[in-house]
Amino acid sequence: MGITIVLGSQWGDEGKGKITDMLSQQATLCCRAAGGHNAGHTIVHENITYDFHILPSGLVSPSCVNLIGAGTVVHVPSFFKELASLEEKGLKDAGKRIFISDRAHVCFDLHSIVDGLEEAKLGGRKVGTTGKGIGPCYSDKAARRGVRIGEVLDEAVFERKLRSLHAGYTARFGELQYDVEEEIGRFKDYRKRLVPYIVDQLAFFKQYKDSPNTLVEGANALMLDLDHGTYPYVTSSSTGLGGAVQALSLNPTSITSVIGVVKAYTTRVGSGPFPSEQLNEYGDKLQSVGREFGVTTGRRRRCGWFDLVLCRYSQAINHYTALNLTKLDILDDFDEIKVAVAYVLPDGTRLTDTYPADPEVLEKVKVEYVTLPGWKSNTMGVKKYEDLPANARAYIEYIERELGGVPIKWIGTGPARDHMICRE
């Protein structure tokens, strides 16, 4: 089994869906390793737009079987709603090609309510979550009181554990706008509907042990990783290479490539440090031209210049074998383009390839930039590297050199499925 892993290299929203969609055309399996319906990406295929949240985007490929792995959290109503949307858009057999590990955890509406209450308590220091209940669900998992997907099938166990969860949160927060008996009633229907989707993950993988190509689709990104991201302004799962290996029980020796997806500039949704953020006309232009609004929340994304310090750190953690640089065309109309090359700490220390763990330190760094000339010409839809303007190629090759020679193998030049340059 050859395994390709696609990972976000920044703070998410890099455009992982398109490269995953492209690679899934040759894949037998496509797997989600972590996260829940807080993730979001869009794929345009044959003029139809598909929005993915919890489902793997390999479902667009008719020959690809898909798995939601043990490291994920699944909001069951959203699972069925998203699946129905895909089927309505023409993917009629999607329900026959999607499976869920029995070890994945259930994200309840209760978790979403608690998410909002916890954010409100933080006040001005709120994390800026999606409000989907992901954090509280992973907290319950870590505290060993969560409900696994496989346990939904045992009615008595399921009801006992959900009532216990509700009692615990009621003791903490008081009366909640949540009817646990109503939720239990809804799951009587979901229980029957879930049966054909739930699998033992190891047994499932054994069926595909001779698969020539397995694709792992990362959710979120390295800088949102619970351990390695800008904690506490992170998600609640392990979003890097190690998390994918752990969640899917992958054999590390079978991993043939690790693809880092990185925007040609930088964006972030929600709170937290963002050293290269541009709170000026440049940031506004990136946001406007790039149509930077979250797929899941609709929130306006914060925008800034490409950050080499961040990406060197990301490379050191995830060990990318190749990169996919996305949304190059958004930079088409800039006279000059800046790249962050170093952080200077308040004490004068200059950092180029390490990333401070303390978010308050990150808020105080001064950023050093190099300025590169723009290309002032249209790159949207360009499919050959040699057809790019010289300054666009210079920008790509500068980033490539500064990241230690990790090849930028794919370059996104627009939203459509075929707006991609492949450099062999």
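Residue numbering: from 1, along the chain as shown.
For all residues, glycine too, the Cβ spot is worked out from N, Cα and C.
These come from Swiss-Prot:
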- 12-18, 40-42, Arg301, 327-329, 412-414: GTP binding site (BINDING)
- Asp13: active site, proton acceptor (ACT_SITE)
- Asp13, Glu14, Gly15, Lys16, Asn38, Ala39, Gly40, His41, Thr130, Arg144, Asn220, Thr235, Arg299: IMP binding site (BINDING)
- Asp13, Gly40: Mg(2+) binding site (BINDING)
- His41: active site, proton donor (ACT_SITE)
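For Thr413 (GTP binding site), the same-chain residues lying six or more positions away in sequence with a CB closer than 8 A to its CB are Leu328, Asp329, Thr379, Met380, Gly381, Val382, Lys383, His419, Met420, Ile421. Each residue contributes its Cα atom, and for Lys18 (GTP binding site) and His41 (active site, proton donor) these two points are 9 Å apart. Asp13 (active site, proton acceptor) has Asn220 as its nearest neighbour among the binding-site residues Asn38, Thr42, Asn220, Arg299, going by CA to CA distance.
Here the binding-site residues are Gly12, Gly40; the one with the fewest Cβ atoms within 10 Å of its Cβ is Gly40. Reported as a whole number, the C-alpha separation between Thr42 (GTP binding site) and Asn220 (IMP binding site) equals 14 Å. Annotation: Gly15 are the binding-site residues among Gly15, Thr130, Arg299 whose CA atoms are within 10 angstroms of the CA of His41 (active site, proton donor). Comparing Thr130 (IMP binding site) with Gly15 (GTP binding site), their Cα atoms are 18 Å apart once rounded.
Within 10 Å of the Cβ of Gly15 (GTP binding site) there are 22 other Cβ atoms, across all protein chains. Cα spacing between Asn38 (IMP binding site) and Gly12 (GTP binding site): 11 Å, rounded to the nearest whole number.
For the recorded positions Lys18, His41, Arg299, the greatest number of Cβ atoms within 10 Å around a candidate Cβ is found at Lys18.
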